Amino acid sequence: MKMKIIVLFLYYCYIGSTSSVLASIDNVNELSVLLSVKSTLVDPLNFLKDWKLSDTSDHCNWTGVRCNSNGNVEKLDLAGMNLTGKISDSISQLSSLVSFNISCNGFESLLPKSIPPLKSIDISQNSFSGSLFLFSNESLGLVHLNASGNNLSGNLTEDLGNLVSLEVLDLRGNFFQGSLPSSFKNLQKLRFLGLSGNNLTGELPSVLGQLPSLETAILGYNEFKGPIPPEFGNINSLKYLDLAIGKLSGEIPSELGKLKSLETLLLYENNFTGTIPREIGSITTLKVLDFSDNALTGEIPMEITKLKNLQLLNLMRNKLSGSIPPAISSLAQLQVLELWNNTLSGELPSDLGKNSPLQWLDVSSNSFSGEIPSTLCNKGNLTKLILFNNTFTGQIPATLSTCQSLVRVRMQNNLLNGSIPIGFGKLEKLQRLELAGNRLSGGIPGDISDSVSLSFIDFSRNQIRSSLPSTILSIHNLQAFLVADNFISGEVPDQFQDCPSLSNLDLSSNTLTGTIPSSIASCEKLVSLNLRNNNLTGEIPRQITTMSALAVLDLSNNSLTGVLPESIGTSPALELLNVSYNKLTGPVPINGFLKTINPDDLRGNSGLCGGVLPPCSKFQRATSSHSSLHGKRIVAGWLIGIASVLALGILTIVTRTLYKKWYSNGFCGDETASKGEWPWRLMAFHRLGFTASDILACIKESNMIGMGATGIVYKAEMSRSSTVLAVKKLWRSAADIEDGTTGDFVGEVNLLGKLRHRNIVRLLGFLYNDKNMMIVYEFMLNGNLGDAIHGKNAAGRLLVDWVSRYNIALGVAHGLAYLHHDCHPPVIHRDIKSNNILLDANLDARIADFGLARMMARKKETVSMVAGSYGYIAPEYGYTLKVDEKIDIYSYGVVLLELLTGRRPLEPEFGESVDIVEWVRRKIRDNISLEEALDPNVGNCRYVQEEMLLVLQIALLCTTKLPKDRPSMRDVISMLGEAKPRRKSNSNEENTSRSLAEKHSSVFSTSPVNGLL
């Protein structure tokens, strides 16, 4: 009966098309249907504002609506509009509809079962759950189905095999399980098959080898096991095969060598064994070959050198042996060669890099020997040279010290000798120079002090014999300088007045003499200072006790004299102090962490006493008093301490009485207490001048300053310590409480509380009980970056110049680089956006809101749901649900575009289904001047626009579609260094433009990326 009704309906629609009157009636009906569809949608950004009745209403011109020549709706494209709600059943009345796209929204409700026959359905990047809807005979004409990036589950049914017209099937990033249906063999027209990022199991079906039209097969990030079917070698049209990250095993079939069109082959992170098939060398079209993270054995086959189009070869983390085929240096397109963590031996090909645009060479943790080839940077593209943990001998090639593209040089733990070549300090992109654990001699080249880019220098465990260059510690970007275990002599340079970035200084185990310069206290970012095992004399400068970031101070095994500074125990951040085996005297202060310091960290000082050491004798006290005025202060301190204890006891009694009175009438009233929400526990990550009670007193509606996806934020003013805090009370569902997840969450927050970086909002503490959780962190005076850019707070008036915005971009990059590269395990934020970047009183950027962050103990980790914010989410996040640092880098790129354009990630002006990334890329494709995209409030003159365009290129690199093509955050920092604003007078503007134009292409030399689009 239903089929008859549909047939009659279609028949009358056809007859009606011959009559203008009936056509008009039909259009009115479709208009009503569209309004009915709109009525069940939630449209917070008002994208569908033109969907309304008016005297001139023509629904064919409405946003997202396309009609055929008869005036009937044939396409609905509502992608990227932030829509929620449900799709009305009335959509079934759009009988001419053939294409339906609601991707990148927030829909959760299932589609109506009465959806009309379609050729294209795109419901990707939503929150649909449940099983994939069943297909009726009316769906047999379906050509394009994209349901990626949802929460769909269940098994893939045999019904999918009935869609014989299907060309694109994209189900990536869901929770499908079970094995692949054998009916897939019926999909003879299928060109694209995307199933990655699910929980599919079983073996790969050999019937996939019967799909003659298949060009792209993305099946990785699943639980497939067993071997690769040799029948896969029959898919002659296959260009892209991704079977990465699974449980596949056995040998790689030699039949893959028959895939004459294949360009990308990804088999990394499986359990493949055996040797690399020599037949792989027959795939002359191959550009990307990644067999990393398996258990492959044997040698690298000589046939690999026949892959003349090969750009990337990654065989790292296997069990390969033997040497590198010498002819690999003849591959004219090779950009990336990663072989680290194998058992390879022999020498590197002597002309490696001579014929290829080599950008990235990593052969670390092998058994390579011989000399380092001098040709590695012949083409001028080498950015990363990583050779550590081998047995390379000879000298460091002088050609490397003139390689202007270098960003990282890591050669530690080899047998290199000779001196450090002069010239590394002149490489404007070089960030890391790691030469530790070799046999290098001579001195530290003086040009190192002139570097404008070096952030990490490690010359430890060598045989360097010289004094330190006087300005070595004043390198502007220097964060770590490590020269331990050498023969460095002379005094510690007294040139600390300009060390804005230095956080780690290790001069231990040398022969340094003289005193510790008091000017070292000017290094505001210094976290670790290690001067142990030297010949230092004099007293410990009391200025050290005021250093706001210093957490580790090791002065052991020297000849320091005098007393411990009284305030050293209450130093703002100090957590570890070792002054053992010196000549210190006098009582040990009993304040701060010195009350519980390990006595071993004080031993070897015969004159020290008191505190955690044995009590001071009268003789020691007299000696101490005679030798300095500190004795009087200590006696006064004891008297004041006794008085303070008495006063504190009285104050405690009074406070408890007053608090009980407040507690019965304030925030935590009797009702709350009766529900078990007491006691509150305060976990402190820093020394705090307030209590849980102080915080709770501020949690009231009048102090609320924000509300987000993770909780409510309150401003809390601590009158006792004149401190202003931000307190986030986290949302918690009843299920969370019943599941008892508090302990896990506390553990995670405890890890995050240990983060220390100037561009990360400091977590000061964590307040919790059985029902509620609150995170306490620094209050940022200038709010968040999103409001500043888009004009919602006063800080926006301070961001009208490019230098301020650039500095914010650089600060965020440093913060993310710390999370990704310096934390162990690394921290993936997962929700980088302008609203999660806070601005302090100096407009320095601080990354905030780790409500979605996860500590990544492994390189890849599955998450239970898509997190992040629309407009900032990386495209692969919807189909892999496996997160790594690349999703943060994409989001960072979007933030860069916000800073550059002054626009939000999603704006109606961009067009339907277009975000800011695509909006900019379209301008490039359409040859539209990119200056038009820049914020006119900032880029109002030519040289500023040129500087901004350099950063725009970095933003485009960060937002490339493929995660592997995105740079790391360390690369981003290097590129931003190239794009640093250079202010010149108007008379020099022409020269400025020319110099920037020359740098325009070099920005990309720090990342192996071929293009922007």
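Glycine is treated like the rest: Cβ placed from N, Cα and C.
What Swiss-Prot records for ASP831 is active site, proton acceptor, and it gives sequence analysis as the kind of evidence. According to Swiss-Prot, the feature compositional bias 'Polar residues' maps to 1002-1013. If you look up Swiss-Prot, you'll see SER864 marked as phosphoserine. Here Swiss-Prot flags 70-94 as repeat 'LRR 1', drawing on sequence analysis. Annotation comment: Swiss-Prot describes 119-137 as repeat 'LRR 3', evidence class sequence analysis. Per Swiss-Prot, the feature repeat 'LRR 6' maps to 187-213; the stated evidence is sequence analysis. As annotated by Swiss-Prot, repeat 'LRR 7' applies to 215-234, with the evidence given as sequence analysis. Marked as repeat 'LRR 9' by Swiss-Prot on the basis of sequence analysis: 260-283. Summarising the annotation, Swiss-Prot assigns repeat 'LRR 11' to 308-331 and lists sequence analysis as the type of evidence. As annotated by Swiss-Prot, repeat 'LRR 12' applies to 333-355, with the evidence given as sequence analysis. If you look up Swiss-Prot, you'll see 477-498 marked as repeat 'LRR 18', on the strength of sequence analysis. The repeat 'LRR 19' annotation in Swiss-Prot covers 499-523 and is backed by sequence analysis. The repeat 'LRR 20' annotation in Swiss-Prot covers 525-547. What Swiss-Prot lists as repeat 'LRR 21' is 548-571, and the listing cites sequence analysis. What Swiss-Prot lists as repeat 'LRR 22' is 573-595, and the listing cites sequence analysis. Residues or ranges marked as transmembrane segment by Swiss-Prot on the basis of sequence analysis: 634-654.
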Could you give the number of helix, strand and coil residues in the repeat 'LRR 12' (333-355) as assigned by DSSP? 0 helix, 5 strand, 18 coil
Cβ packing number for ASP831 (active site, proton acceptor), 10 Å threshold: 24
By a Cβ-Cβ criterion of under 8 Å, what residues six or more beyond either terminus of the repeat 'LRR 9' (260-283) are in contact with it? 215, 220, 228, 236-254, 289-307, 309, 314-315, 320, 859-860
With the cut-off at Cβ under 8 Å and a gap of six or more residues from its ends, the chain residues touching the repeat 'LRR 6' (187-213) are 148, 156, 160-161, 163-180, 219-237, 242-243, 248, 879-882
Per DSSP, the repeat 'LRR 11' (308-331) contains 5 helix, 3 strand, 16 coil
For the repeat 'LRR 18' (477-498), how many residues does DSSP put in helix, in strand and in coil? 0 helix, 5 strand, 17 coil
